């Protein structure tokens, strides 16, 4: 169950494509063919949407401006909409070409580099661009994101010209930043966890890193080319300049998304609402029960303690004592979620109610028991088992409906600069988690959020990581996922290979029921099989492996694994990556 | 509007900044408009107001911002900056000479007066700057470049997204249903049937109708992915794109049934649909609301594009039509869209102009009024296919 990737796997994989792992979201995995994405409205034979043609998005900007973050975020959003998108990080090609532990020559980024450096540069660029073209021409790809520095106007013209020969439009996205605080924060949060800086004080490391960048890339030119398509994001979105971008629906939609994106790092937490006095009734909109209030209190305390510890850890490393973002809380307008936030509101946190966060509407299943549903809608139950993501019970919403209606929430989620706790119904958490962790649509209805865990999503530059924070000493019976409106376990005769729903209802453990390894991956045979596919935490080990990890207060990546995630993007020396196998610890 | 109340046809001198009387009247007009706007925000369940004025000085903008801040109203400034002189002139001729300011005046004199008016504005005009600390979008040369400053929330970003897709070049949109299909003849809904004989005749006639209403303009044809629209569009001599998003409203379990059969098999559903047709979702299918959601890319592309002819289906045309003609949700699903008729919509600055051309080819009616019997009815607009003068009607949205 060695599922985290190592340097060797990167280097040996035929297309240098990144892979997700059990804790890391699936944004670098290619989705299964022909499967509809979570918020996809329709599909086409060509696999391409909106008559928008094929687009290369090329990033422009100095290191620590959030280029990789923007690349991955745009890919996440486009994939969510069903646009076949892949990110090509030039840094991956650079590292795999020069070999582990080595670095490119000092003059690699210079305009007047030595012939050998130019040769090396061209070799790396060529390999990356061949892969991009292959993706767009032979794999039905629609958007390829080319994550690189692209510092010179001449080089950018050449890229656009080269892709234009293949009838591919090139859209440049520059992240330009003259606000020193934003740059330093970015360096601190994503760059200096490198082994190079072990034992350094945070601020010293930041200064050292920035000095090296300036020495390495002295000839950067901001975008000004009138004839190219580009978007310039100034200081993380204070101002956005859009040049000559009216060439298609997708380009405009990307700009819309970028208007909501910022480049600062912040955490998202998910928590369930407490139990109510009238659990079964959707329409009743009941108050929290005594137990529900107890849960709300414990959840709030757990989160508060957790954040206190995180803050102390940053200070201990020499970081600023305001490094933790303020916390904002979103609830739905339903009483159970609003009341679950009461304790946090009393602690002085800002709570906002969002109507769009209402749970999946149960329609005619309101107040029905599993047996009633089976008796009354046997056909619907069967249909539901075949496609739990898209199927709607009579008068009910499907997960797909929910994903489409959450669009404004998703953009506001990107827009939010504070740390964010979302208290909502499990159905809503499933969809939002599915977005942040790039889950397959089919996995989303199966994600499990037991009440005794707060989920924390931590952005790192290449992908999001998920952690579970345990809430201790809750009564056993309120822990399992809520009585779901989809009683699949009550269906005896249906067997669909990829899920075993008995577990979902009865497990009650910290083990999520998401498909994980049982799904496996149907990628090409030459590629390493992936486990997880963005599921919460791989479950292939059942309660054994994970149970052991879950004994800890938190399940988190060992620091070295974080470093592996964080280190990739920039032209600074990178140590050989370490293979990490989380379950090996148990 | 506010200015027009007191000075309905003002000469250019009115807009001269050094004309104290003009300046006083303009300030009064601006003040009256902002007062009304603030009042409107208070009295109703209002979310967005558009203050349509030049607001060409920093001082005026700061004044508006302060007034709105005091009322806790967010402001988003939209500036359209045109450096391309030929674009400016075209806009004057197309837009401004049809403005209420110039009613009954000679167009050439009107254009000249308007140019004078612009010059007066230019003397004091200060383009938006980031240093003003305003949330704004500046559209340069009709979108060649767009500068977006300090967007604060999702709604603002959504408005910017929409504005970026707009253009002000004159254009029209042509809408046609597919020709009569075999399912239309049998009264069945949905499906993917071929055209009937009369439907094929319509397909052959359509290029003539288009020629008549569009002249030599080069159009782009959008169809759904269903056979009946592709067959209908096939003789049009233009580039064609198929959109899945233009497919007919999915009637789920009722697909392929007649209204009579639906009433017999799903009586409760049949009644529920009549009660709230916009929100009613067929079992396993779609509602009008669902169709509107999936049409978002189509609407954005329509705003971005120039002359487009869309050959699609009744429910989809109703939604697109309702968008351009500002028709109410509860009304649009009941609107009649006869077969074998070409509709031309021309969005203008103050209204969308509509004209219809009928092909002289009979077809069944596929329209059914609210609460009526479970079968298609004769059209209240006149029997389809009978000889009517062309164009048959002219309507304006307000």
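Including glycine, each Cβ sits where the backbone N, Cα and C put it.
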Quiz item: For the substrate site that TrEMBL assigns to B:177, B:178, B:179, B:180, B:181, B:182, B:183, B:184, which of B:152, B:217, B:228, B:234 is also named?
Solution: B:228
Self-check item: Max CA-CA distance, Å, over listed substrate-binding residues B:177, B:178, B:179, B:180, B:181, B:182, B:183, B:184, B:228
Solution: 14
Quiz item: Once the chains shown are all counted, how many other Cβ atoms turn up within 10 Å of the Cβ of residue B:179 (substrate binding site)?
Solution: 30
Quiz prompt | Residues that sit under 8 angstroms from residue B:181 (substrate binding site) by C-beta distance, when 6+ apart in the chain | solution = B:191, B:193, B:194, B:195, B:196, B:199, B:228
Self-check item: DSSP three-state assignment (helix, strand or coil) for residue B:177 (substrate binding site)
Solution: strand
Quiz item: Counting every protein chain present, what is the number of Cβ atoms, excluding its own, within 10 Å of the Cβ of residue B:228 (substrate binding site)?
Solution: 29
Exercise. For the recorded substrate site, enumerate neighbouring residues of the same chain (Cβ within 8 Å of the Cβ centroid of B:177, B:178, B:179, B:180, B:181, B:182, B:183, B:184, B:228, site residues themselves excluded), in sequence order.
Key: B:193, B:195, B:196, B:199, B:232, B:339
Practice problem: Using Cβ-Cβ distances, find the residues under 8 Å from residue B:177 (substrate binding site) that belong to the same chain and are at least 6 apart in sequence, listing them in sequence order. | Solution: B:311, B:312, B:313, B:314, B:317, B:337, B:338, B:339, B:340, B:341
Self-check item: Residues satisfying Cβ distance under 8 Å from residue B:183 (substrate binding site), sequence separation of at least 6
Solution: B:189, B:190, B:191, B:193, B:256
